[in-house]
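Participant: For reference, the structure I am asking about is given below.
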């Protein structure tokens, strides 16, 4: 701790009952930088770093707290409770309480009783320059005090804007207040549960057991990596489902293991990869029930760490069987789904379904369900050289085509873009401009183009990975080499992974999202398996007449929409004749509702405009993203890191 003649205040140790602990020593705070850690409070708990926090104290009594350690701290100010992570900063006031580890090692900041007199004296000395009279010096003291007061008021305003009251949707723990009724789940998506987080951070989050449940007759599981041993232990019902088809992207070793371990009711299929360096990367589930089909689009491999340790996202919706009179009726969701499934070319399954009879499980089978209540669009990628009418069916050209048909509010003109993902391909400026053109498509309500948006890339830093729940091990699921990450032109795109409001700062992202936003309002939002690469999104060739894609990807695009069926809650697993309710609602609700997409930190009054339904999406990271500081280094997995992580490991191990 730095020495100074001016004592600003003390950190007073408190008991569990928040009473002053007379058995422990006060920690004095002097003007300037004060560093505190486990040695200063004489404990051996290694969750506390030797340099855990820095308190930058000013002569006016204000103190800025900077988190230096890898573990978070908590600041309690009045009825507000805020968790800060490594390198976060906040100003504290007299009486604020600090938890150096949440729930442990609690201190109260108490301003010194004599500091006001000393501060005034010191300030007077500092402004009594040679040649200035006493009256002029006093004026300068008064001016400086007024500036300090104004600065403190501004800081309080900024802090209030940054941290509204605990019952606000924009609070630090905003996900605590996120709740989606079952009948409206298809309008939003969910984050997956993460082990090791406090209960509030897993509010409204789901596990694989919440998804695969009930009387499933046929399951089609699409993924890249599949750990059968874990999957069967996490979801035992899969061993009892009569027919399970696994569409995967595993290599020969993984395939051999799956063949040995799979139950007899399972079939395996790996789609062809006609272009080198491609993968089957789509992550989806198609679960057939006696009452309908459940479609799930998500971002997690079927492995333990993806469903327990990462920030992940999942969307699902149940759809009923079509009435006989509607068999030939379709919609854009159905067309996109059947187009995508048809490319996979799996071996058809002949099954006998109760009350349905003998059916063949092929892409055409999925035309038997009524998708008219879908409010998302499917954005898929499939390998190939796509031209002519297929040019706009896949990849970023599909996204461009869908967005071009949409009308957005004027506030999104030239508004920024966010690309967030977990693997970075070998990119160049030309392709980044090509992608931005697709991401920026759409018209405003005055029929003018929205215009190009400036993108930022949300990507974990080395420190984020080092201090994560898994330590450096998390970096193995962020598999981007140094040669891709450290290209000079990318520096202007980098932004921090900050996820305090969802409690996921330390849960490294495997989720992939792309969005256009203004404040906490979203023009559109895409949850997808696609990383930022030409292989996933495609690259235009031959004077923009051909799109080359290497990999299979699948995502759902949330758009502001007008739908008559928003309030129709059909479920494959609930009892009751909700199919009739669905059709009744379709007939009676003729006006429809326009949806407005917002983040969890949005602050507004939904009831102020009854014609618009506000849909909150649990975007896990903060908007607007915070650009990298000069000290931030983007993670790349093939570099050596000698600074030990939270488990005392270096990288590579």
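From the backbone N, Cα and C atoms, a Cβ is placed for every residue, glycine too.
Below are the features I grabbed from TrEMBL:
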type	residues	note
DOMAIN	36-100	domain 'FHA'
ACT_SITE	281	active site, nucleophile
BINDING	283, 512	substrate binding site
ACT_SITE	510	active site, proton donor/acceptor
SITE	533	site 'Interaction with DNA'
Participant: How big is the Cα-to-Cα gap, in Å, between residue 533 (site 'Interaction with DNA') and residue 512 (substrate binding site)?
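Facilitator: Cα-Cα distance, residue 533 (site 'Interaction with DNA') to residue 512 (substrate binding site): 12 Å.
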Participant: To the nearest whole angstrom, what is the C-alpha distance linking residue 512 (substrate binding site) and the residue listed as 'active site, nucleophile'?
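Facilitator: Counting only the Cα atoms, the answer is 12 Å.
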Participant: Other than its own, how many Cβ atoms are within 10 Å of the Cβ belonging to residue 283 (substrate binding site)?
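Facilitator: Neighbour count, Cβ to Cβ under the 10 Å cut-off: 27.
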Participant: In whole Å, how far is residue 283 (substrate binding site) from residue 510 (active site, proton donor/acceptor) when you measure between their Cα atoms?
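Facilitator: Answer for this pair: 12 Å between alpha carbons.
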Participant: Can you check which residues sit near residue 281 (active site, nucleophile), meaning Cβ under 8 Å from its Cβ, same chain, 6 or more apart in sequence, and list them in order?
Facilitator: 224, 249, 529, 530, 536, 551, 552, 553
Participant: Let me know how many other Cβ atoms fall within 10 Å of the Cβ of residue 510 (active site, proton donor/acceptor).
Facilitator: 24
Participant: For residue 533 (site 'Interaction with DNA'), what is the tally of other C-beta atoms lying within 10 angstroms of its C-beta?
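Facilitator: 23, counting other Cβ atoms within 10 Å of residue 533 (site 'Interaction with DNA').
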Participant: Tally of helix, strand and coil residues over the domain 'FHA' (36-100) according to DSSP?
Facilitator: 0 helix, 29 strand, 36 coil
Participant: Tell me, what is the mean pLDDT of the domain 'FHA' (36-100)?
Facilitator: 86
